[in-house]
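Peer 1: Sharing a structure below in C-alpha coordinates format, with a few things to ask.
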Amino acid sequence: MNPYILASLLFGLGLGTTITFASSHWLLAWMGLEINTLAILPLMAQHHHPRAVEATTKYFLTQATAAATILFASTTNAWLTGQWDILQMAHPLPTTIVLLALALKIGLAPMHAWMPEVLQGLDLTTGLIMSTWQKLAPFALLLQIQPNTSILVVLGLTSTLIGGWGGLNQTQLRKILAYSSIAHLGWMLLILQFTPSLTILALLMYIIMTSSLFLAFKLNKATNINTLATAWTKSPVLTSLAPLLLLSLGGLPPLSGFMPKWLILQELTKQSLPLTATFAALTALLSLYFYLRLSYTMTLTMAPNNLTGTTPWRLSPLQMTMPLVLSTSLSTLLLPLTPAAIALLTF
(Lines of atoms letter the chains of each structure in order from A and count residues from 1; the text may use other names and numbers.)
(Lines give C-alpha, C1' and ligand atoms only; values in the text may rest on other atoms or scores of the structure.)
Protein backbone atom coordinates (compact mmCIF):
# COMPACT_ATOMS: atom_id res chain seq x y z
CA MET A 1 0.00 0.00 0.00
CA ASN A 2 1.17 3.52 -0.79
CA PRO A 3 2.70 5.00 2.39
CA TYR A 4 0.73 8.25 2.00
CA ILE A 5 -2.55 6.32 1.76
CA LEU A 6 -1.51 4.20 4.74
CA ALA A 7 -0.69 7.31 6.78
CA SER A 8 -4.07 8.84 5.85
CA LEU A 9 -5.94 5.71 6.91
CA LEU A 10 -4.05 5.48 10.22
CA PHE A 11 -4.78 9.18 10.79
CA GLY A 12 -8.45 8.45 10.13
CA LEU A 13 -8.37 5.65 12.70
CA GLY A 14 -6.89 7.97 15.30
CA LEU A 15 -9.26 10.80 14.41
CA GLY A 16 -12.39 8.66 14.67
CA THR A 17 -11.39 7.24 18.06
CA THR A 18 -10.40 10.70 19.37
CA ILE A 19 -13.73 12.23 18.27
CA THR A 20 -15.61 9.49 20.13
CA PHE A 21 -13.40 9.98 23.19
CA ALA A 22 -13.96 13.73 23.26
CA SER A 23 -17.68 13.82 22.47
CA SER A 24 -20.51 14.10 24.93
CA HIS A 25 -23.15 14.27 22.16
CA TRP A 26 -24.48 11.08 20.60
CA LEU A 27 -24.28 12.33 17.00
CA LEU A 28 -20.60 13.27 17.38
CA ALA A 29 -19.84 9.92 19.01
CA TRP A 30 -21.65 8.12 16.17
CA MET A 31 -19.68 10.13 13.61
CA GLY A 32 -16.40 9.13 15.29
CA LEU A 33 -17.38 5.45 15.17
CA GLU A 34 -18.23 5.75 11.46
CA ILE A 35 -14.91 7.44 10.63
CA ASN A 36 -13.15 4.68 12.56
CA THR A 37 -14.95 1.94 10.62
CA LEU A 38 -14.42 3.54 7.21
CA ALA A 39 -10.71 4.03 7.90
CA ILE A 40 -10.01 0.37 8.72
CA LEU A 41 -11.96 -1.14 5.79
CA PRO A 42 -9.25 -0.43 3.14
CA LEU A 43 -6.61 -1.81 5.52
CA MET A 44 -8.60 -5.03 5.83
CA ALA A 45 -9.08 -5.45 2.07
CA GLN A 46 -5.61 -4.33 0.98
CA HIS A 47 -4.41 -7.84 -0.03
CA HIS A 48 -7.24 -8.32 -2.58
CA HIS A 49 -7.61 -11.93 -1.49
CA PRO A 50 -11.14 -13.41 -1.60
CA ARG A 51 -10.92 -14.28 2.10
CA ALA A 52 -9.88 -10.72 2.99
CA VAL A 53 -12.68 -9.23 0.89
CA GLU A 54 -15.17 -11.58 2.55
CA ALA A 55 -13.92 -10.59 6.02
CA THR A 56 -14.12 -6.89 5.08
CA THR A 57 -17.70 -7.28 3.85
CA LYS A 58 -18.76 -9.10 7.02
CA TYR A 59 -17.09 -6.48 9.19
CA PHE A 60 -18.73 -3.62 7.27
CA LEU A 61 -22.22 -5.13 7.52
CA THR A 62 -21.82 -5.84 11.24
CA GLN A 63 -20.46 -2.40 12.09
CA ALA A 64 -23.09 -0.66 9.94
CA THR A 65 -25.83 -2.58 11.76
CA ALA A 66 -24.38 -1.64 15.15
CA ALA A 67 -23.95 2.02 14.16
CA ALA A 68 -27.53 2.24 12.85
CA THR A 69 -28.79 0.71 16.09
CA ILE A 70 -26.78 3.23 18.13
CA LEU A 71 -28.28 6.07 16.07
CA PHE A 72 -31.78 4.64 16.60
CA ALA A 73 -31.22 4.28 20.36
CA SER A 74 -29.83 7.82 20.73
CA THR A 75 -32.75 9.24 18.73
CA THR A 76 -35.18 7.29 20.90
CA ASN A 77 -33.46 8.64 24.02
CA ALA A 78 -33.72 12.21 22.68
CA TRP A 79 -37.40 11.66 21.96
CA LEU A 80 -38.11 10.25 25.44
CA THR A 81 -35.92 12.56 27.56
CA GLY A 82 -35.17 15.57 25.34
CA GLN A 83 -31.40 15.02 25.82
CA TRP A 84 -28.67 14.10 23.32
CA ASP A 85 -25.95 13.88 25.99
CA ILE A 86 -24.30 10.48 26.42
CA LEU A 87 -24.35 10.89 30.21
CA GLN A 88 -28.13 11.44 30.20
CA MET A 89 -29.20 7.90 29.31
CA ALA A 90 -31.92 7.76 31.95
CA HIS A 91 -34.58 5.66 30.21
CA PRO A 92 -34.03 1.87 30.34
CA LEU A 93 -35.20 1.18 26.75
CA PRO A 94 -32.60 3.22 24.79
CA THR A 95 -29.93 2.25 27.35
CA THR A 96 -30.55 -1.45 26.73
CA ILE A 97 -30.61 -0.99 22.95
CA VAL A 98 -27.35 0.97 22.90
CA LEU A 99 -25.70 -1.61 25.20
CA LEU A 100 -26.60 -4.41 22.80
CA ALA A 101 -25.40 -2.34 19.83
CA LEU A 102 -22.03 -1.68 21.49
CA ALA A 103 -21.79 -5.36 22.40
CA LEU A 104 -22.29 -6.20 18.70
CA LYS A 105 -19.68 -3.62 17.75
CA ILE A 106 -16.92 -5.09 19.94
CA GLY A 107 -17.95 -8.73 19.49
CA LEU A 108 -19.41 -9.76 22.84
CA ALA A 109 -21.31 -13.01 23.07
CA PRO A 110 -23.96 -13.84 21.97
CA MET A 111 -23.32 -11.23 19.19
CA HIS A 112 -19.84 -12.63 18.62
CA ALA A 113 -20.21 -14.86 15.56
CA TRP A 114 -18.69 -12.36 13.13
CA MET A 115 -15.45 -11.84 15.03
CA PRO A 116 -13.57 -15.16 14.56
CA GLU A 117 -14.53 -15.27 10.88
CA VAL A 118 -13.44 -11.69 10.23
CA LEU A 119 -10.16 -12.02 12.14
CA GLN A 120 -9.34 -15.23 10.27
CA GLY A 121 -9.45 -13.37 6.95
CA LEU A 122 -6.99 -10.63 7.97
CA ASP A 123 -3.24 -10.47 8.17
CA LEU A 124 -1.75 -10.32 11.66
CA THR A 125 -1.03 -6.57 11.63
CA THR A 126 -4.59 -5.55 10.69
CA GLY A 127 -5.90 -8.23 13.06
CA LEU A 128 -3.91 -6.61 15.86
CA ILE A 129 -5.51 -3.23 15.10
CA MET A 130 -8.97 -4.78 15.06
CA SER A 131 -8.40 -6.66 18.32
CA THR A 132 -7.00 -3.69 20.26
CA TRP A 133 -7.50 -0.19 18.85
CA GLN A 134 -11.02 -0.83 17.56
CA LYS A 135 -12.19 -1.69 21.10
CA LEU A 136 -11.26 1.69 22.56
CA ALA A 137 -14.06 3.89 21.20
CA PRO A 138 -16.97 1.54 22.11
CA PHE A 139 -15.52 1.08 25.60
CA ALA A 140 -15.28 4.85 26.00
CA LEU A 141 -19.02 5.03 25.30
CA LEU A 142 -19.76 2.19 27.72
CA LEU A 143 -17.80 3.97 30.44
CA GLN A 144 -19.66 7.23 29.79
CA ILE A 145 -23.09 5.60 29.87
CA GLN A 146 -22.28 3.91 33.23
CA PRO A 147 -25.24 1.52 33.00
CA ASN A 148 -26.52 -0.12 36.15
CA THR A 149 -28.21 -3.23 34.83
CA SER A 150 -27.96 -6.99 35.15
CA ILE A 151 -27.60 -7.27 31.35
CA LEU A 152 -23.90 -6.43 31.76
CA VAL A 153 -23.31 -9.39 34.08
CA VAL A 154 -25.22 -11.73 31.73
CA LEU A 155 -23.25 -10.53 28.68
CA GLY A 156 -19.99 -10.80 30.62
CA LEU A 157 -20.58 -14.35 31.85
CA THR A 158 -21.80 -15.48 28.41
CA SER A 159 -18.70 -14.00 26.78
CA THR A 160 -16.28 -15.63 29.22
CA LEU A 161 -17.99 -18.99 28.69
CA ILE A 162 -18.23 -18.85 24.89
CA GLY A 163 -14.77 -17.28 24.57
CA GLY A 164 -13.27 -20.24 26.40
CA TRP A 165 -15.52 -22.88 24.87
CA GLY A 166 -15.21 -21.71 21.28
CA GLY A 167 -11.42 -21.78 21.24
CA LEU A 168 -11.06 -25.37 22.43
CA ASN A 169 -11.17 -27.09 19.02
CA GLN A 170 -9.52 -24.37 16.91
CA THR A 171 -6.25 -24.87 15.03
CA GLN A 172 -6.04 -21.41 13.44
CA LEU A 173 -4.19 -18.92 15.62
CA ARG A 174 -6.26 -15.93 14.56
CA LYS A 175 -9.50 -17.67 15.54
CA ILE A 176 -7.96 -18.64 18.88
CA LEU A 177 -6.99 -15.01 19.47
CA ALA A 178 -10.52 -13.93 18.52
CA TYR A 179 -12.09 -16.23 21.13
CA SER A 180 -9.46 -15.08 23.64
CA SER A 181 -10.56 -11.50 22.94
CA ILE A 182 -14.23 -12.41 23.51
CA ALA A 183 -13.38 -14.00 26.88
CA HIS A 184 -11.31 -11.01 28.05
CA LEU A 185 -14.00 -8.55 27.00
CA GLY A 186 -16.43 -10.55 29.13
CA TRP A 187 -14.21 -10.02 32.19
CA MET A 188 -14.16 -6.28 31.53
CA LEU A 189 -17.93 -6.12 31.21
CA LEU A 190 -18.48 -8.05 34.45
CA ILE A 191 -16.92 -5.31 36.55
CA LEU A 192 -18.00 -2.28 34.49
CA GLN A 193 -20.99 -1.23 36.60
CA PHE A 194 -19.19 -1.71 39.93
CA THR A 195 -15.67 -0.32 39.35
CA PRO A 196 -15.18 1.30 35.91
CA SER A 197 -11.50 1.99 36.67
CA LEU A 198 -10.91 -1.78 36.91
CA THR A 199 -12.40 -2.13 33.42
CA ILE A 200 -9.83 0.38 32.13
CA LEU A 201 -7.01 -1.54 33.85
CA ALA A 202 -8.19 -4.87 32.39
CA LEU A 203 -8.50 -3.29 28.91
CA LEU A 204 -4.96 -1.88 29.07
CA MET A 205 -3.52 -5.21 30.22
CA TYR A 206 -5.45 -7.05 27.49
CA ILE A 207 -4.09 -4.67 24.83
CA ILE A 208 -0.50 -5.14 26.06
CA MET A 209 -0.71 -8.95 26.21
CA THR A 210 -2.56 -9.34 22.90
CA SER A 211 -0.11 -7.00 21.16
CA SER A 212 2.86 -9.04 22.34
CA LEU A 213 1.28 -12.29 21.14
CA PHE A 214 0.28 -10.89 17.73
CA LEU A 215 3.79 -9.46 17.25
CA ALA A 216 5.37 -12.78 18.25
CA PHE A 217 3.24 -14.68 15.73
CA LYS A 218 4.01 -12.05 13.09
CA LEU A 219 7.75 -12.44 13.67
CA ASN A 220 7.44 -16.20 13.17
CA LYS A 221 4.96 -15.83 10.27
CA ALA A 222 2.72 -18.30 12.11
CA THR A 223 -1.00 -18.61 11.31
CA ASN A 224 -1.81 -22.12 12.56
CA ILE A 225 -0.73 -24.45 15.35
CA ASN A 226 1.43 -26.67 13.13
CA THR A 227 3.56 -23.70 12.08
CA LEU A 228 4.32 -22.96 15.73
CA ALA A 229 6.27 -26.22 15.98
CA THR A 230 8.96 -24.76 13.69
CA ALA A 231 9.28 -21.52 15.67
CA TRP A 232 12.20 -22.69 17.80
CA THR A 233 14.50 -22.86 14.75
CA LYS A 234 13.76 -19.25 13.82
CA SER A 235 13.70 -17.45 17.17
CA PRO A 236 14.58 -19.69 20.14
CA VAL A 237 14.51 -16.89 22.74
CA LEU A 238 11.07 -15.71 21.68
CA THR A 239 9.84 -19.31 21.62
CA SER A 240 10.99 -19.67 25.23
CA LEU A 241 9.14 -16.50 26.24
CA ALA A 242 5.93 -17.24 24.29
CA PRO A 243 4.56 -19.72 26.90
CA LEU A 244 4.93 -16.97 29.52
CA LEU A 245 2.89 -14.63 27.30
CA LEU A 246 0.22 -17.28 26.84
CA LEU A 247 0.04 -18.08 30.55
CA SER A 248 -0.14 -14.35 31.29
CA LEU A 249 -3.17 -14.16 28.98
CA GLY A 250 -4.59 -17.09 30.93
CA GLY A 251 -4.19 -15.11 34.16
CA LEU A 252 -1.69 -17.22 36.07
CA PRO A 253 0.58 -15.75 38.77
CA PRO A 254 3.26 -14.41 38.96
CA LEU A 255 2.61 -12.88 35.51
CA SER A 256 0.98 -9.55 34.66
CA GLY A 257 -2.30 -11.08 33.45
CA PHE A 258 -3.06 -12.29 36.97
CA MET A 259 -3.47 -8.70 38.22
CA PRO A 260 -6.77 -7.67 36.53
CA LYS A 261 -8.44 -11.06 37.09
CA TRP A 262 -7.42 -11.11 40.73
CA LEU A 263 -8.76 -7.58 41.32
CA ILE A 264 -11.98 -8.30 39.39
CA LEU A 265 -12.69 -11.47 41.39
CA GLN A 266 -11.95 -9.59 44.61
CA GLU A 267 -14.34 -6.78 43.68
CA LEU A 268 -17.10 -9.20 42.63
CA THR A 269 -16.80 -10.90 46.00
CA LYS A 270 -17.04 -7.52 47.76
CA GLN A 271 -20.23 -6.80 45.79
CA SER A 272 -21.82 -9.99 47.24
CA LEU A 273 -21.56 -11.87 43.93
CA PRO A 274 -19.55 -14.96 44.91
CA LEU A 275 -21.35 -17.25 42.44
CA THR A 276 -20.59 -14.86 39.56
CA ALA A 277 -16.94 -14.73 40.60
CA THR A 278 -16.75 -18.52 40.85
CA PHE A 279 -18.35 -19.03 37.44
CA ALA A 280 -15.99 -16.49 35.84
CA ALA A 281 -12.97 -18.18 37.42
CA LEU A 282 -14.11 -21.59 36.17
CA THR A 283 -14.65 -20.32 32.62
CA ALA A 284 -11.09 -18.96 32.69
CA LEU A 285 -9.93 -22.59 32.91
CA LEU A 286 -11.39 -23.21 29.44
CA SER A 287 -9.24 -20.44 27.98
CA LEU A 288 -6.25 -21.70 29.94
CA TYR A 289 -6.57 -25.08 28.22
CA PHE A 290 -5.97 -23.75 24.70
CA TYR A 291 -3.23 -21.40 25.93
CA LEU A 292 -1.46 -24.46 27.38
CA ARG A 293 -2.10 -26.28 24.11
CA LEU A 294 -0.30 -23.55 22.18
CA SER A 295 2.54 -23.52 24.71
CA TYR A 296 2.93 -27.29 24.40
CA THR A 297 3.02 -27.08 20.60
CA MET A 298 5.66 -24.35 20.59
CA THR A 299 8.05 -25.85 23.12
CA LEU A 300 7.52 -29.60 23.45
CA THR A 301 6.64 -30.94 19.98
CA MET A 302 8.58 -31.62 16.81
CA ALA A 303 7.49 -30.11 13.51
CA PRO A 304 5.28 -32.45 11.44
CA ASN A 305 6.68 -33.68 8.13
CA ASN A 306 3.63 -32.79 6.06
CA LEU A 307 3.68 -29.01 6.50
CA THR A 308 2.01 -27.23 3.60
CA GLY A 309 4.59 -24.45 3.60
CA THR A 310 8.34 -24.74 3.14
CA THR A 311 10.57 -24.32 6.15
CA PRO A 312 12.51 -21.05 5.88
CA TRP A 313 16.18 -21.97 6.09
CA ARG A 314 17.55 -18.50 5.50
CA LEU A 315 17.45 -15.86 8.19
CA SER A 316 14.56 -13.45 7.77
CA PRO A 317 15.39 -9.75 7.22
CA LEU A 318 15.71 -7.53 10.24
CA GLN A 319 12.39 -6.43 11.69
CA MET A 320 11.49 -3.69 14.15
CA THR A 321 11.41 -5.65 17.41
CA MET A 322 11.27 -2.84 19.98
CA PRO A 323 7.42 -2.94 20.27
CA LEU A 324 7.65 -6.72 20.79
CA VAL A 325 10.33 -6.30 23.48
CA LEU A 326 8.32 -3.66 25.34
CA SER A 327 5.00 -5.50 25.18
CA THR A 328 6.61 -8.81 26.19
CA SER A 329 8.30 -7.21 29.19
CA LEU A 330 5.08 -5.53 30.30
CA SER A 331 3.07 -8.74 29.77
CA THR A 332 5.26 -10.72 32.16
CA LEU A 333 6.70 -8.32 34.76
CA LEU A 334 3.93 -5.95 35.90
CA LEU A 335 2.47 -7.96 38.79
CA PRO A 336 4.77 -6.41 41.47
CA LEU A 337 3.29 -3.01 40.53
CA THR A 338 -0.21 -4.08 41.63
CA PRO A 339 -0.17 -1.84 44.77
CA ALA A 340 0.68 1.14 42.57
CA ALA A 341 -2.15 0.23 40.19
CA ILE A 342 -4.61 -0.04 43.10
CA ALA A 343 -3.44 3.33 44.41
CA LEU A 344 -4.02 4.91 40.99
CA LEU A 345 -7.46 3.30 40.72
CA THR A 346 -8.56 4.63 44.10
CA PHE A 347 -7.09 8.09 43.50
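Each residue's number is its place along the chain shown, starting with 1.
Backbone N, Cα and C define each Cβ position, glycine as well.
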Peer 1: I'm validating the feature mapping. Which of 33-54, 121-142, 231-252 is tagged transmembrane segment in TrEMBL?
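Peer 2: Based on what TrEMBL states, transmembrane segment spans 231-252.
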Peer 1: Taking pairs 6 or more apart in sequence, does the count of Cβ pairs under 8 Å between the transmembrane segment (176-194) and the transmembrane segment (272-292) hit 3 or more?
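Peer 2: Contact between the transmembrane segment (176-194) and the transmembrane segment (272-292): present.
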Peer 1: When each of 92-115, 151-169, 272-292 is checked against the transmembrane segment (231-252) for Cβ pairs under 8 Å, which one has the most?
Peer 2: 272-292
Peer 1: Go through 151-169, 200-219, 272-292 and flag the stretch with the largest number of C-beta pairs under 8 Å relative to the transmembrane segment (324-345).
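Peer 2: The stretch with the most close Cβ contacts to the transmembrane segment (324-345) is 200-219.
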Peer 1: Please report, as numbers and ranges, the same-chain residues at least 6 past the borders of the transmembrane segment (200-219) whose CB is under 8 Å from any CB of it.
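Peer 2: Sequence-distant neighbours of the transmembrane segment (200-219): 124-125, 127-128, 131-132, 135-136, 139, 143, 173, 177, 180-181, 184-185, 187-188, 191, 234-235, 238, 241-242, 245-246, 248-249, 256-257, 259-261, 263-264, 319, 321, 323-324, 327-328, 330-331, 334, 341, 345.
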Peer 1: Quick one: mean pLDDT on the domain 'NADH dehydrogenase subunit 2 C-terminal' (288-341)?
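Peer 2: It averages 77.
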